[in-house]
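The structure appears below as structure tokens.
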Amino acid sequence: MADKELKFLVVDDFSTMRRIVRNLLKELGFNNVEEAEDGLDALNKLQAGGYGFVISDWNMPNMDGLELLKTIRADGAMSALPVLMVTAEAKKENIIAAAQAGASGYVVKPFTAATLEEKLNKIFEKLGM
């Protein structure tokens, strides 16, 4: 089981969605959660350090989730950070693009708490967390 003190960054331009994900994480025992409203905001926070997991939307202003993912993977200090994409983009080509860019997992909105928990556990297991 993953460390319950693991620090999450939830990235979504829609504040209600950030709150939903934060509350679901809280239900799963993860209380160390911060938020960012787009990829640029997220990048600034991530570069300050201390985060152990990113949950990001795809469609956002300034820097979308795919660009954020590519930037994280290209940065030596952050390249191993797990990134779960949570998005309304359900098209096969989007899922493939996210996988090719290095997404740790992919969840299509709307989703249940059970789906989020299952994806997180798969990522934790794969990373030995």
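Please read every residue number as a count from 1 along the shown chain.
Each Cβ is built from the backbone N, Cα and C atoms, and glycine gets one as well.
So that you can see what the record holds, here are the features copied from Swiss-Prot:
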BINDING   ASP12, ASP13, ASP57, ASN59  Mg(2+) binding site
DOMAIN    7-124  domain 'Response regulatory'
MOD_RES   ASP57  4-aspartylphosphate
MOD_RES   LYS92  N6-acetyllysine
MOD_RES   LYS109  N6-acetyllysine
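This view paints the features noted in Swiss-Prot onto the structure.
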| residue | record | Cβ neighbours (10 Å) |
| --- | --- | --- |
| ASP12 | Mg(2+) binding site | 26 |
| ASP13 | Mg(2+) binding site | 18 |
| ASP57 | Mg(2+) binding site | 26 |
| ASN59 | Mg(2+) binding site | 13 |
| LYS92 | N6-acetyllysine | 7 |
| LYS109 | N6-acetyllysine | 15 |
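Annotated pair ASP57 (Mg(2+) binding site) and LYS92 (N6-acetyllysine), C-alpha to C-alpha distance, rounded: 16 Å. Within the model, the domain 'Response regulatory' (7-124) shows a mean pLDDT value of 96, rounded to a whole number. Each residue in VAL11, PHE14, MET17, ASP38, SER56, TRP58, MET60, ASP64, GLY65, THR87 lies on the same chain as ASP12, ASP13, ASP57, ASN59 and has a C-beta within 8 Å of the C-beta centroid of that Mg(2+) site, without being one of the site residues. LYS109 (N6-acetyllysine) sits 14 Å from ASP13 (Mg(2+) binding site), taking the C-alpha atoms as the reference points. LYS92 (N6-acetyllysine) is 23 Å away from ASP13 (Mg(2+) binding site) when you measure Cα to Cα. Classification of LYS92 (N6-acetyllysine) by DSSP places it within a helix.
Between LYS92 (N6-acetyllysine) and ASP12 (Mg(2+) binding site), the C-alpha separation comes to 21 Å. In terms of DSSP secondary structure, the domain 'Response regulatory' (7-124) contains 55 helix, 21 strand, 42 coil.
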